[in-house]
Amino acid sequence: MGRLVALSLLGIGLALLGERFLALRSRLKASREVESVDLPNCRLIKGIETGAEDIDILPNGLAFFSVGLKFPGLHSFAPDKPGGILMMDLKEEKPRALELRVSWGFDLASFNPHGISTFIDDDDTVYLFVVNHPEFKNTVEIFKFQEEENSLLHLKTIKHELLPSVNDVIAVGPSHFYATNDHYFSDPFLKYLETYLNLRWANVVYYSPEEVKLVAEGFDSANGINISPDKKYVYVADILAHEIHVLEKQPNMNLTQLKVLQLGTLVDNLSIDPSSGDIWVGCHPNGQKLFVYDPNHPPSSEVLRIQNILSEKPSVTTVYINNGSVLQGSSVATIYDRKLLVGTLYQRALYCEL
């Protein structure tokens, strides 16, 4: 009888593991292949060879790139090279990417930038918020952008127990932000287990010098985050659930879920066109190819444009798709004056004139 019970439990356990494995492949879109949707006036950006995971653009056309991300389980073309922040002036006739100097005293050797966000204060001071993973830990760095010197002055490093696995950040004040945790745990094995079992424990946290609190939870893997031009709504990409969540910002900075937009792809970072409110999304058509890198079958890239997301029938347009022959692993797409920038997790970046 005891052996029968043991065999029954073993069978149930194996069946559960098998079901979870198949479910994970579905969440990763592991069987998806794509056909290219090209744009005519595009070129690869010189000087970006190891990824531009996130991009943020100021109203004056200065674009910031976080480059050189190293992440457990992800391929890297330069595993020993520190990351950095690059800048490109999109108002120039032939814009080029330049690396920004960082103030003395900041640990550049372990700089591993991930999601970024800018904030302009009432006195026109520009702050750059950077999710950083020094030695695969989790911090948010706040810099002051010094345009005359093309440099960043490091102001503050933020660590908190509610920020165990930070992915992206949207600044809402000089020391205030919302951040996504793509996992509940910080330990790599527990992260893997959390993903495999689809526990949906990822969340969004609000940080200010006065308080830090959980404001939204129940995500499979909360990834990109951004805010509407009128500052009333926060958008969160749930990458493994293929969803964008629309959350209404409350006076106390809590978030209330308003709606969920289902998409058939892995949605990464979200960028907002300030003039129209359109959401531009860098996507991964096949997530398995990101983690099992094969140069003969590289990860593909996809850019979506979402219009009128607050309406009953938002418009979703596929702007660009590439099978990896040009661009591998697109993580962000952002627009400025009909100029489109597309960044990737660990490869190149694309500049297009629409």
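Here the Cβ of each residue, glycine as well, is placed from N, Cα and C on the backbone.
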- Task: Could you look at Asp54, Asp80, Asp220 and say which one Swiss-Prot places alongside Ile116, Asp168 in the Ca(2+) 2 site?
- Result: Asp54
- Task: Please pick, from Asn203, Asn223, Asn308, the residue that Swiss-Prot records in the Ca(2+) 1 site together with Glu53, Asn167, Asp268, Asn269.
- Result: Asn223
- Which residue from Asn226, Asn254 is recorded in Swiss-Prot as N-linked glycosylation site? Asn254
- Query: If one looks at the chain holding Ile116 (Ca(2+) 2 binding site), which residues at least 6 apart in sequence have a CB under 8 angstroms from its CB?
  - Reply: Asp54, Ile55, Asp56, Phe64, Ser66, Ile85, Leu128, Phe129, Val130, Val131, Val169
- Using the Cβ centroid of Asp54, Ile116, Asp168 as the reference point for the Ca(2+) 2 site, which residues of the same chain not in that list have Cβ within 8 Å? Glu53, Ile55, Asp56, Ser66, Pro113, His114, Gly115, Ser117, Val130, Val131, Val169, Gly224, Asn269, Val332
- Message: Spatial neighbours of Glu53 (Ca(2+) 1 binding site) among the recorded positions Cys42, Asn254, Asn323, Cys352, defined as Cα within 10 A: which are they?
- Response: none
- Taking the Cα atoms as reference points, how far is Cys42 (disulfide bond) from Asp268 (Ca(2+) 1 binding site) in Å? 21
- Item | Extra residues within 8 Å (Cβ to Cβ centroid of Glu53, Asn167, Asn223, Asp268, Asn269), Ca(2+) 1 | Asp54, His114, Gly115, Asp168, Gly224, Ala237, Ile239, Gly282, Ser331, Val332
- By CA distance, which of the recorded positions (His114, Asn254, Asn323) lies nearest to Asp168 (Ca(2+) 2 binding site)? His114
